[in-house]
Amino acid sequence: MRIATFNVNGVNGRLPVLLRWLEETRPDAVCLQELKAPDAKFPAAALEKAGYGAVWHGQSRWNGVAILARGAEPVETRRCLPGKPDAQSRYIEAAVNGLLIGCLYLPNGNPAPGPKYAYKLDWFAQLQAHAADLLAQKLPVVLAGDFNVMPTDLDVYKPERWRDDALFRPEVREAYAQLLAQGWTDAIHKRHPKERIYTFWDYLRDAWTRDAGLRLDHLLLSPKLKRRLTGAGVDREIRGWEKASDHAPAWITLKD
DNA sequence: ATGCCGGGAGTATCCCGA
């Protein structure tokens, strides 16, 4: 089973790229972020035609998350983190093929410090609480999405330039480390512990051709799924396509 | 310190992203 996460940066503007990538790689489940579309404008018919059922949580202009399942309808279990309702569409969760999949788009948080950074840390704390609850239920869970965190120096093309950024400040790296310490496995790190692997290259400053990348998109596995992990990677070449997102899809494979 | 690019809304140019 192949599960991928892809920050599409506009699901409608990215539709040709998304459909081509789905056809070429045929993931069984996909987490999408940054739909940048209200619920009514989600391209459900085109995805259905491509063989994918979907659940989505949109928002006009910004944010927006969705879960796709090949040849199946995801069964939505929640569309925001527990607690107070979030005005921003950043979380959706669904059962797919015997797994629970949480799809998240963690706030960017810049500029830091400031209210956006405080919102990010608060959102991260709510995610930690929900993640702990999921682990306590001992279900097979994948938490996948754009975490907007580079976990370590290995995940940044030039760490010294990013020390004070909301994606790399000590508090957010610590929050990510605390999440892993609950018992989650960072699948890409697990399979490639010493490699520089990026999932994002800025549109600015020719970042793609310079390979000035960041690893921001992660797939975390609950203990039951850790034992089933057979592969993990990034579909880098998609970043070089015409009309590409600034993120490339990251994926894992699980044995049955 | 800022623009550099690009999507969306909307039709000029702003807001946002990371």
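A Cβ is built for glycine as well, from the same backbone N, Cα and C atoms used for every other residue.
Unlike curated records, TrEMBL annotations are generated automatically.
According to TrEMBL, the domain 'Endonuclease/exonuclease/phosphatase' annotation covers A:4-247.
DSSP assigns A:Asn7 (Mg(2+) binding site) to a strand in the three-state reduction. Annotation source TrEMBL lists Mg(2+) binding site at A:Asn7, A:Glu34, A:Asp146, A:Asn148, A:Asp246, A:His247.
Residues annotated as active site in TrEMBL: A:Tyr105. Sequence-distant contacts of A:Tyr105 (active site), defined by Cβ-Cβ distance under 8 angstroms and a gap of at least six in the same chain, are A:Asn7, A:Gln33, A:Glu34, A:Asn63, A:Gly64, A:Val65, A:Ser89, A:Arg90, A:Tyr91, A:Gly145, A:Asp146.
Taken residue by residue with DSSP, A:Asp146 (Mg(2+) binding site) is part of a strand. The active site, proton donor/acceptor annotation in TrEMBL covers A:Asp146.
The DSSP secondary structure for A:Asp217 (site 'Important for catalytic activity') is strand. The site 'Important for catalytic activity' feature in TrEMBL is assigned to A:Asp217.
A:His247 (Mg(2+) binding site) falls within a strand segment according to DSSP. Marked as site 'Interaction with DNA substrate' by TrEMBL: A:His247.
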Nearest-integer angstrom distance between the alpha carbons (Cα) of A:His247 (Mg(2+) binding site) and A:Asp217 (site 'Important for catalytic activity'): 8
Which listed residue (A:Glu34, A:Asp146, A:Asp246) has most other Cβ within 10 Å, given these are binding-site residues: A:Asp146
Rounded inter-Cα distance in Å - A:Asn148 (Mg(2+) binding site), A:Asp217 (site 'Important for catalytic activity'): 7
Cβ atoms near A:Asp217 (site 'Important for catalytic activity') (within 10 Å, other residues, all chains): 26
Other C-beta atoms that fall within 10 angstroms of the C-beta of A:Asn7 (Mg(2+) binding site): 25
